[in-house]
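As recorded in TrEMBL, the features of this protein are as follows:
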type	residues	note
TRANSMEM	28-46	transmembrane segment
TRANSMEM	66-89	transmembrane segment
TRANSMEM	101-121	transmembrane segment
TRANSMEM	133-155	transmembrane segment
TRANSMEM	167-186	transmembrane segment
TRANSMEM	215-236	transmembrane segment
TRANSMEM	344-365	transmembrane segment
TRANSMEM	377-395	transmembrane segment
TRANSMEM	407-425	transmembrane segment
TRANSMEM	437-457	transmembrane segment
TRANSMEM	477-497	transmembrane segment
Amino acid sequence: MKFDTQVDSINTYNDNHQSVHKQSKRKYAQIICFILIVVMNLSAWIDLQGVFVELPIMISFIPEGWTIPSIVGLCLCAANIMPAIVTFLRWYQGKRFSEIPYIYIIIIIGIVSCCVLAFTWQKTTYLFGRERSLWLLGSVFTLCMLDSTSSLVFFDYMKRFRIRYLTAVFLGEGLTGVIPTLLLLLQGSGGEAICIQSNNDTTLEPTFTQPRFSVTIYMLLITSIIVASLIAFILLRWTNIVALADAAEPTKLNGSTLKTALDGGENSPMVPIVELFKPSKPMKHIPTSTFIFLLSLNTYNSFTKLNGSTLKTALDGGENSPMVPIIELFKPSKPMKHIPTSTFIFLLSLNTYNSFVLYGILPSLTTYSLLPYGQKVFYYFCLLNPLSYSISLLVSVKWSTLSVRMTIIGTIIGSIIAVFIIIIATQSPCPWWADTLHGALIMLAVWFVMTIIIAYLRITTGNLIKGEWLEEKGMFYFGITVQLGLFMGAVPMYLLINVFNMFIDRKPCQIYCVT
């Protein structure tokens, strides 16, 4: 008896030690899985963000000048043909659709396009009566197709993970602005005009300052980050890190889902079904890798062998099937909150509008609302703007969702600030407080606050849909509204700037705003 007691004590100690070791191992796996998802999502927009933050340098050396942001916006709109094709394929293929191949395509072609852009961005071609940066625009258009599609497939991919990992997606998106900004700080400002008097007369001719390293080196650094994203995605797909972290979204247990899991394939759950049935601690005399203890109805004969044939028998029914329905093991302890369809549609509408403002209208007006205050102001904007996205993400970690009422209030405040920016842009080249320090500070603050508000609203809306909308296509439609808002804003802005010439730029070394 004494010997048995000692054995039981040793077994209890071993069980506790194994449990602590397993929990520690899972914790580290969860951290690694979170980091891999963040790195994978860097490839979503970091290439275009890199192009945007380089605009203060590039604008002075390309023929498009101040109109380049609106042209990039039009490229984004035209690139929506790719998300439209993916949407059609998703509808046509139904449950056979897998986003995995599209993620590989997005990342790999993004690597190639960034390399091409790095070496050809300054090359021009004479077309339609003027010099045009066809290589630059062609590379940007390709990146636009890839990045706009990533809004669909990357969010769609997250249906495979638990909701807490959605924050990793938004963190990755936030870093797509922060990392290019840090590289821009290392690069230093460039493209600022220095006016020098010509030898022949009294006219002034501009020369432009050079950064510490070239645009080519900058884009190659961006390319290396996208390569890291590809490696992260491969690790998520082809290692057991997701299973170790218990990061996969629990699968709804119906017949078709379980049979898919047993048969394998890209759409099967990332965690093996056997993991879901392991008891919290080993049962005496029964190997946990072979048997499961199922509580049967009024019977002690409750040991069922866990293999594919047994599970399929349980699904198909019959006298040899387990007596307790497998679905009972997965009932949630408390009912989940959910939003009605009307609220879901309203949230999508608000997200469309906020995307219309943040991604459609305002990016085309950055040059016209900031450059009248000096080249340095545009440079500092490119540094601060990505930081505003990161701040909105940090706020969302503490307050991950907002009520519909607060979302409406935030949208109204953001819209008022956006209207002010539009008014300033229409007054270019001589807006209020032009060429003054206080005017520059006001515009930087206005852009900073507006971006934080609308970006935060987008994150909270996505969290609310992910957490409380029951159907799995919710995040897919969320991604569609981003592209719809972009299209609704960018096309009219391109026409107003490039066709109707509603906005006027400044030429270097010329005097404006004489009072």
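Glycine is no exception: its Cβ is also placed from the backbone N, Cα and C atoms.
Counting residues 6+ beyond its ends, the transmembrane segment (377-395) has Cβ neighbours under 8 Å at 49, 52-53, 55-56, 167, 170-171, 173-178, 180-181, 184-185, 189, 192, 366-367, 370-371, 440, 443-444, 447-449, 451-453, 455-456, 459 in the same chain.
Where the transmembrane segment (28-46) meets the stretches 66-89, 167-186, 215-236, 477-497, the count of C-beta pairs under 8 angstroms peaks at 167-186. Ranked by number of Cβ pairs under 8 Å to the transmembrane segment (407-425), the listed stretches 133-155, 167-186, 215-236, 344-365, 437-457 are led by 437-457. Of the Cβ pairs linking the transmembrane segment (101-121) with the transmembrane segment (344-365) and spaced 6 or more residues apart, fewer than 3 are under 8 Å, so the two regions do not touch. Most Cβ pairs under 8 A with the transmembrane segment (66-89) among the ranges 133-155, 167-186, 215-236, 344-365, 437-457 are made by 133-155. Tertiary neighbourhood of the transmembrane segment (344-365): same-chain residues 52, 69-70, 72-73, 76, 404, 407-408, 411, 414-415, 418, 421-422, 425, 450-451, 454-455, 457-458, 461-462, 464-465, 469, 474, 477-478, 481-490, 493-494, 497, 503, selected by CB-CB distance under 8 Å and a gap of 6+ residues from either end.
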